[in-house]
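Reading through the structure tokens given below for one structure.
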Amino acid sequence: MATVDTILQGKYPAKAHARRVAEYLQAQCPGNPGVIYLESQKTRMIEDNDETMPFRQRRPFFYLSGCLLPEASLVYDVSADKLTLFIPAIDPEDVIWSGLPLSPSEAMELYDVDNVLTTPEVNATLASIASAHNGKAVAYAIQGRTSPETKFEGFQDANFTLLNGWIEQARVVKDAYEIALLRKANDISTKAHIAAIKAAKTATNEREIEGAFIATCIANGAREQSYHPIVACGENGATLHYPKNDAELTDPVTKQRKKNVLIDAGGEYRTYCADITRVIPLGGRFAQETRQIYQIVLQMQLECIAMLKDGVLWDDVHAHAHRVAIKGLLQLGILRGSEDELFEKRVSVAFFPHGLGHYLGMDTHDTGGNPNYGDKDKMFRYLRVRGHLPAGSVITVEPGIYFCRFIIEPYIKSPETSKYIDTDVLERYWSVGGVRIEDNVHVTKDGYENLTTAPKIMEEVESLAL
């Protein structure tokens, strides 16, 4: 079996991706020849400054090119099966500051394309393709992502509404190269999570832990983060997307270290994302209350991962996570009543308010999930993937239990749900904040492959935290 690094020595499979997108085009728009046109992200300047903004490549363009250059374009002639990449021409003034750019011959060696030209040749190439199809071809591009100077002269029509949707659908199922990229992002992020655990031993502030994570990612080849890291100690962990990362790890009143810290962070490798969450003890060992909640969440995750295979209904997996949570919270005495009644009344949503997971790829919340944020059923409202999971998809499995006063207190005050929550028992758990455990899982025909190897068994985590 080829190793990740061996696979990634090859070219990113841009041509195969172009053909995959073309299948959607031909299925929905048979007849006239189709031509796909995409542009990369532009270099943008920071306002009131002569520095460029951080560059993030447009994902549709990368999916069909594998190219990270700004100011580039591509054309895919579907019937001719010809993929042409256009890269910036040499700008003598820019060479002074940044050195020579990539040449067309060098680009041919790097990318899985049939031809490489420079961007001044885009319009002539489009006109030539339109002429070859006798004016019957239709150009497909993305609204708002085409330069004013780009012309589709000679085409029967230019459609700006369909292409993005086709690409988003195509991206759901990953090929072996994409799985290798996701695994590489996970491998780097695992090293960073371990570094963060070790940094927490002596850290006094959340930002020190964040710094250790980011530094380790950069040192191992993931210069960008998949998203802004979440480093949330104590009750901060009850905020799902806690943004601050600047709280002291010692309680200002008790002068004691807080019980635990939630770290939700992942590095990005060649545009592909890792998204991993771990909770670690700040005192070396988990406090009793944290340990109890951690055991429930880990059980939720393990049972849900075991359900994964081609065609599984994600709604069912999400619902199962809630049933495991209800059972665990009943055993602790936080909830009271029957499991079925608590499930039907959606009481567990007070403690597990988000969806079980989302597709993962070039975006952290990747395309193709078809969520229904208007769902009147609050258990499923924030589930980012609805429907059956296909083999080849990669999904996060990230159950959690949180003690967020803003979310839970309305349940306590409601005449309909207050009887199900024992507030005396609940009082002991506010300081836990939140526990979430998140892995990135590749769905296969008969099961799954967990791409995440960051430690999550409590004994393993404690051995690193001591």
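Think of each number as a place in line: the chain as shown, counted from 1.
Keep in mind that glycine also has a Cβ here, set from the backbone N, Cα and C atoms.
Take the Mn(2+) 2 site that Swiss-Prot assigns to Asp264, Asp275: the candidate from Glu93, Glu106, Glu438, Glu449 listed for it is Glu438. Record note: Swiss-Prot gives Asp275, Glu438 as Mn(2+) 1-binding, and the candidate from Glu235, Glu398, Glu409 in that site is Glu398. Secondary structure at Glu398 (Mn(2+) 1 binding site), taken from DSSP and collapsed to helix, strand or coil, is coil.
Each of the binding-site residues Asp264, Asp275, Glu398, Glu438 was assessed for Cβ neighbours inside 10 Å, and the highest tally belongs to Asp275. Closest to Glu398 (Mn(2+) 1 binding site) by Cα-Cα distance, out of the binding-site residues Asp264, Asp275, Glu438, is Glu438.
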